[in-house]
Amino acid sequence: MNYNNPTQLQAAILDWAGTVVDFGSFAPTQIFVEAFAEFDVQVSIEEARGPMGMGKWDHIRTLCDQPQVAERYRKVFGRTPTDDDVTAIYNRFMPLQIEKIAEHSALIPGALETIANLRQQGIKIGSCSGYPKQVMDKVVALAATNGYVADHVVATDEVPNGRPWPAQALANVIALGIDDVAACVKIDDTVPGILEGRRAGMWTVALICSGNALGLDYEGYRALGSDALASERKRIHALFEGSRPHYMIDTITDLPEVIADINKRLANGEMPQSS
C-alpha cells in the first residue's frame with residue numbers, strides 16, 4: 001500500500017463568529033466587557049478582542065494575565081485573579097452570552113452563496129468555534145433559521161484542548177470521514193484559529209475584514225475609504241504573519257478563488273506543510 005497525495009480538497013473547516021456569522025465578531029467581545037464589569041473591573045473592547053479565537057475560559061484567563069487588567073482586578077479585590085476568579089467571571093459570562101447571542105446572529109453577506117459553491121464541488125463543511133457547546137447549540141439553531149447548516153460542529157469544550165491546539169479541526173476530519181488532512185482547508189478570522197489549522201496539517205485562510213481583527217460591522221467596513229482600507233489590511237496582515245496562513249482574504253466571499261488555487265496546487269503535488 002502506497003501513500004498518494006490528495007489531488008483536491010475534500011473539506012472546509014469554517015469558524016463561526018467573524019467568518020460565517022456576526023460580521024465584526026461583536027457577540028463575544030461585548031459580553032466579555034459586560035462580564036468583567038459585573039465584577040467592577042473595566043476591560044475595553046480592544047483589550048477583549050486580544051485573545052479572540054481561544055476557548056472562552058482560556059480567553060478570560062489570558063485577559064486576566066494582562067498586567068493592566070490584573071492591576072485593575074487587584075485594586076478591587078486586593079489580589080490578582082486566580083483560576084477560581086477566572087471561573088467566576090466565566091460563569092457570569094456564559095448566561096450573558098446565551099441571552100444576547102441572537103443580537104449578533106446574522107449571516108455574513110455572501111456566506112450562504114459561497115458555502116453552496118463549495119458544496120457543489122463536493123466539499124464537506126465542517127465547523128468549530130471558541131464557544132462552548134451550550135452557546136454553540138444556540139448559534140447553530142439561529143444559523144439554521146437563516147439557511148446555514150454545517151455538516152459537523154465542534155465546540156471548544158468537546159475536545160481536551162481548544163485553539164490554538166488542533167483538536168477541534170481534527171475532530172471534524174474524523175467525523176466527516178476525510179482521509180487526509182492535506183485535503184482540508186481551515187478558514188478563520190483569528191490567529192489561534194489559523195494556528196489550529198496549521199497544527200492540524202491543513203491549508204489555512206485568514207479572513208482580515210469580516211472578523212475580530214478589523215472589528216467593524218458590515219456597514220462600517222463598506223464605508224471605509226480606499227486609503228483607510230489599505231492601511232487596515234496592512235496592519236492586519238502583520239498581525240497574522242506569525243501564524244503563517246497560506247492565504248489572507250477580506251471575507252468569505254473571496255474564498256472560491258482560493259479554493260480553486262489550492263486545488264491547482266494539490267493537483268501539482270504541493271502540500272500545505274511544505275509552504
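Residue 1 is the first one shown; counting continues down the chain.
Just so it is clear, glycine is given a Cβ too, placed from its N, Cα and C backbone atoms.
These come from Swiss-Prot:
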ACT_SITE  Asp15  active site, nucleophile
ACT_SITE  Lys56  active site, schiff-base intermediate with substrate
BINDING   Asp15, Ala17, Asp189  Mg(2+) binding site
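Structural mapping of features recorded in Swiss-Prot.
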| residue | record | DSSP class |
| --- | --- | --- |
| Asp15 | active site, nucleophile | coil |
| Lys56 | active site, schiff-base intermediate with substrate | helix |
| Asp189 | Mg(2+) binding site | coil |
Quiz item: List, in sequence order, the same-chain residues at least six positions removed whose CB sits under 8 Å from that of the residue listed as 'active site, schiff-base intermediate with substrate'?
Solution: Pro28, Tyr90, Phe93, Met94, Gln97, Gly130, Tyr131, Pro132, Thr156
Quiz item: Can you list the residues of the same chain, besides Asp15, Ala17, Asp189, whose Cβ falls within 8 Å of the Mg(2+) site's Cβ centroid?
Solution: Trp16, Gly18, Thr19, Val20, Asp22, Ser25, Gly53, Ser129, Asp188, Thr190, Gly193, Leu207, Ser210, Gly211, Asn212
Quiz item: Of all the recorded positions here, Asp15, Asp189, which one's CB has the most other CB atoms within 10 A?
Solution: Asp189
